[in-house]
Amino acid sequence: MESISDIHVLRETRRDWQMQNKVIGFVPTMGNLHNGHLQLVREAKAQCDIVVVSIFVNPMQFGANEDLDAYPRTLEADKEKLATLNVDVVFTPTISQMYPRGLEQQTFVEVPGISSMICGASRPGHFRGVATIVCKLFNMVQPNKAFFGQKDFQQLRVIKLMVQDLSMNLEVYGVPTEREVDGLAMSSRNGYLNAEQRCLAPQLYKVMTALKKEIEEGRRQDYPALSQEYCSKLDAAGFKTDYVEIRNASTLQQPSVEDSELVILIAAFVGKTRLIDNIQVQR
Ligand code: PAF
């Protein structure tokens, strides 16, 4: 596995692959890799000739009240995991290469509408930061295919819309969420949980699947009331719930009673750790 941090070196390497007509797969990450990330890599390996994984903790997607400095950085362990999966290149650009004029002066990409709802309402500017960095990484790696986790459901929608709106020449794939045996969605943030919080965390999945069942059974279609009820259930279980949303799975707008493809999106704090999860529902 080659480790590249210089954009020019990456571009030269990429030129060789292009001359050999290789299909290039790309998995962007912020490091601290867990099995969810590795599943994205496995999917990329299955579909592509060459796989590039980037590791870059992107300051632009962190809010002022979110602790960028505390974000776990585990580069050597991450590289070992990627090497065992025969990743071709791990790309680790520096902050000054990514944002040479500083964050304030940086041209940005913003996908309107979807970026300011749900998680975007709780984390203003977050999806602008994600869209901007992913756009820059796409321009550097120029992949044929890029792989993202469905766990970040809204992020995946934002990226797919960006690719469509900006006529980018690549396919974006959403890979199903990897879960621990007790149902907790794999996330770098799980590492922040103490033993007691770790015991509580899987309740998020249990409550979410109970809500899914209730919607699928079709007995109740008053989605705002259902959301409110399940927010209260999570609060009663010990979470500080940010939102429980039932949305149209493709637009993420409030669903009408005719909509059949829905998604439940949940964000809730366990102590100071904000966990998110989602599940698709067919009515
Ligand atoms: O999902 C993530 O880890 C990040 O949001 C991403 C897509 C790597 C952009 O920084």
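For all residues, glycine too, the Cβ spot is worked out from N, Cα and C.
Listed in TrEMBL:
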ACT_SITE  His37  active site, proton donor
BINDING   30-37, 149-152, 186-189  ATP binding site
BINDING   Gln61  beta-alanine binding site
BINDING   Gln61, Gln155  (R)-pantoate binding site
Using DSSP reduced to three states, classify Met186 (ATP binding site) as helix, strand or coil. coil
Listed binding-site residues are Met30, Asn32, Ser188; which sit with C-beta under 6 angstroms of ligand 1? Met30
Nearest to Met186 (ATP binding site) by C-alpha distance, among the recorded positions His37, Gln61, Gln155, is His37
Going by Cα-Cα distance, pick out whichever of the recorded positions His37, Gln61, Gln155 is nearest to Ser188 (ATP binding site). His37
Here the Cα-Cα span from Gly149 (ATP binding site) to His37 (active site, proton donor), rounded to a whole number of angstrom, reaches 8
Can you see whether DSSP assigns Gly36 (ATP binding site) to helix, strand or coil? helix
Rounded to a whole number, how many Å is the Cα of His34 (ATP binding site) away from the Cα of Gln155 ((R)-pantoate binding site)? 18
Quick one: give me the count of other CB atoms within 10 A of the CB of Ser188 (ATP binding site). 17
List, in sequence order, the same-chain residues at least six positions removed whose CB sits under 8 Å from that of Lys151 (ATP binding site)? Gly36, Thr177, Glu178, Ala185, Met186, Ser187, Ile276, Asp277, Asn278
What does DSSP assign Gly149 (ATP binding site), in three states? strand
